[in-house]
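Here is what TrEMBL records for this protein:
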DOMAIN    4-361  domain 'Cation/H+ exchanger transmembrane'
DOMAIN    416-555  domain 'Cation/H(+) antiporter central'
DOMAIN    560-598  domain 'Cation/H(+) antiporter C-terminal'
DOMAIN    640-725  domain 'Cation/H(+) antiporter C-terminal'
TRANSMEM  28-50  transmembrane segment
TRANSMEM  62-84  transmembrane segment
TRANSMEM  96-118  transmembrane segment
TRANSMEM  130-152  transmembrane segment
TRANSMEM  164-188  transmembrane segment
TRANSMEM  200-231  transmembrane segment
TRANSMEM  277-299  transmembrane segment
TRANSMEM  343-365  transmembrane segment
Amino acid sequence: MQGGILLGPSAIGRNEKFLNTVFPKKSITVLDTLGNIGLLFFLFLVGLELDMRAIRRTGHKALGIALCGITVPFVLGIGTSFALRATVSKGAEPVSFLVFMGVALSITAFPVLARILAELKLLTTDVGRIAMSAAAVNDVAAWILLALAIAISGSNGSPLVPLWVLLSGVAFVLFAVFAIRPLLVAMANRSPEGEPVKEVYICITLTLVLACSFVTDTIGIHALFGAFVLGTIMPKDGSFSGVLIEKIEDLVSGLFLPLFFVSSGLKTNVASISGGLSWAMLVLVIFNACFGKIVGTIVVSLICKVPSHEAVALGFLMNTKGLVELIVLNIGKDRKVLNDQAFAICVLMALFTTFITTPIVMAVYKPARRGAPYKHKTIQRRDPDTELRMLICFHTSRNIPTLINLIESSRGIRKRGKLCIYAMHLVELSERSSAITMVHKARRNGMPFWNKKQDDKDQMIIAFQAYEKLSSVNVRPMTAISALNSIHEDICTSAHRKCAAMIILPFHKHQRVDGSMESLGHSFHVMNQLVLSHAPCSVGILVDRGFGGTSQVPASDVSYKVVVPFFGGRDDREALCYGMRMAEHPGILLNVVKFMPPPGTSLAFGAKLVGVSSNKDKKAFEVVGGNYYDDKQQDDQLWSEFLSACNNNNQESMKHEQKLVASKGDIEAALKEMNRSNLILVGRMPSVAPLISRSDCPELGPVGSYMASSDFSNVTSVMVIQQYNPSTDIHPLVMEESDYPDMPDTPTS
């Protein structure tokens, strides 16, 4: 839209030579035609998203908010129309102009609202559900009013024509419900889950969209109305509607809708708003649009006993305009109801109200993330017989074999506390409209959740479900669908709700065939850093170099060599405890190498210890390391416990050695000897000198950064572990309340 305005007569298009060369008059017709075809299928998709059963079940709150949210701005729109007709729209046909302005100010863009709610993680919260239900009712009412406005605008003064158009429209809706819907239901029933949908069914449906649009256009309403009605009567259950969305949405949203936006921008001449009176009218239209929606919604929400902060958020959410508003305005301009100046004023109003929605809602409403406190936030604990819970995240199917082999290696022995795994599939919230449907299925009360029905169609979780049936490990698949810049909130809050002791994240680089490491993208890198900063438990970043091979290894065939380089410190202690847990598996051989400096020196060798801060600027900071003597005492205590476990281990699955190192070179040489093992567990921030001068992954710490480089190894996987530290958890995403009643679900065998 902004591009169209800049290319049009408002900016660059003021040069007529440029406008006639790039957008000659013949091309405008082609642009409009393609844009309108895209709109037909877009309105069909909007109808598919609208579930009429949900609208029928709409509670009194949502219904009251919807009715008030459309009535108050509609009345203000009528008042605004009188002011506009007296100034910038002199000579406009009074009744049709009045109805068009009322619709323009009162409409709420359902698809745009759904996108905003999904990005703000509010789609499945109480506020989101009320807003979506109210917007759905608002949408249906607005399209009925729009049909009325179109009928009036094309009546040429005869009062019988609008009546005939409306009666014909009602007849079309009844025909669609009782004649077309049974055909759609039959096709949906003949498209069972898991089987490809017949091509002829897709062709019939797309043809019906065009046919219904042609009928409503012939009646005199608008072609868009027919496509919208067909979408609303489509059966929503089963795979048929999902396949239709997949077939249509990429072409519509990727090609046709941008053409419509450009076409609308080319018609918008901001320069036509000239003089103090015109700008005053723009301010009046924006004020009335915002005042009617926001204040009307807030008042009725408070009457319905919605909390005040939620009522304010609902008011701004219901003020969302966007694409549907532009459709209404374009119809008004094509029908000669709106002149250039009135059209430009209304377009700027639509853009302004949509732009302010997200930042204002984020400022006034942030749902409180509350949870009950829990004890076991680390793998190192006093009672090792308690259940160990881990949240394991993955992006693609490439991560799954390694993660299953890691789970198998971590399951311990049966007499100890069992292992419970929450496997979270991280999915980026895309621009596709079907992503909204996915979010509905993958979230509950604004949070990702474990689907107890086990009917998830996500193919990636089938491997975890199969592993669970073959082992004694509880595996609970989850899906988090969010924008990558905020998906860390889902990870951290889910870990708290599930009482996880450790979050395991895939490294943001994967190994190529030639052994080099290739980045998956900066967003994944930032996500890992944010999880490290805000995690409510310990965190492990897994640098995967094919741990266990490319397929799941049966329990009887597991034979891995795991190495823990122990320098000392909080993170190294967590790594050692995890290694001791893994050593309980009969197929795991654990070797712990304790590094010792010469007497009177430290492993820093005079170097400045640096890490990554939890601040947003990500600047390096000096690692003080807490109380050195306290750390040393805890290191010695854990080491003695480890030696005791080694002595009691009859199968010799745990070995240890001590190495005296006098320089960084000695440490590098000792680590190089480990590069043929299967897995190395290393603490994130041990008190040791950085082994490489520069690193693009400082969050891995001085040793992990060295081991993650391609020069270290191409066969040994590395897990860099950070132990949860309550003293640095100063900006938690979940506020712990001792009397919080919502307990996390406890999986059963």
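Every residue, even glycine, has its Cβ placed from backbone N, Cα and C.
Where the annotation comes from TrEMBL, it is an automatic prediction and has not been curated.
What you see is a predicted model, and the numbers here were worked out from it, not measured in a lab.
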The domain 'Cation/H(+) antiporter C-terminal' (560-598) - residue tally per DSSP class, helix then strand then coil:
13 helix, 16 strand, 10 coil
Can you break down the domain 'Cation/H(+) antiporter C-terminal' (640-725) into helix, strand and coil residue counts using DSSP?
29 helix, 18 strand, 39 coil
Reported mean pLDDT - the domain 'Cation/H(+) antiporter C-terminal' (640-725):
83
Same-chain residues at least 6 beyond the ends of the domain 'Cation/H(+) antiporter C-terminal' (560-598) whose Cβ lies under 8 Å from its Cβ atoms:
378-380, 384, 388, 405, 408-413, 416, 502, 538, 540, 547-548, 605, 625-626, 631-632, 634-635, 638-639, 642, 645, 649, 651, 653-662, 667, 670-671, 674, 677-688, 701, 703, 719, 721-723, 725
What parts of the chain pack near the transmembrane segment (164-188), using Cβ distances under 8 Å and only residues at least 6 beyond its ends?
147-148, 150-151, 154-155, 201, 204-205, 208, 212, 215-216, 219-221, 225-226, 229-230, 233-235, 237-238, 240-241
Contact between the transmembrane segment (200-231) and the transmembrane segment (96-118) is defined here as three or more C-beta pairs under 8 Å separated by at least 6 residues; is that satisfied?
no
Positions on the same chain near the transmembrane segment (200-231), where near means CB under 8 A and six or more residues out
36, 39-41, 43-50, 143, 146-147, 150-151, 154, 161, 165, 168-169, 172-173, 176, 180, 183-184, 187, 190-191, 240, 243-244, 247-248, 327, 331
Go through the chain and flag residues at least 6 beyond the ends of the transmembrane segment (62-84) whose CB is under 8 A from any CB in it; none is fine as an answer.
92, 97-98, 100-108, 129-130, 133-138, 141-142, 145, 281, 284-285, 288-289, 291-293, 295-297, 299-301, 303-304, 314, 318, 342, 345
Please give the sequence-distant neighbours of the transmembrane segment (343-365): residues at least 6 beyond its ends with Cβ less than 8 Å from one of its Cβ atoms.
1-2, 5, 10, 84, 88, 104, 109, 112, 116, 119-120, 122, 127, 264, 267-270, 272-273, 278, 281-282, 285-286, 289-290, 293, 309-310, 312-313, 316-317, 319-322, 325-326, 329, 332-333
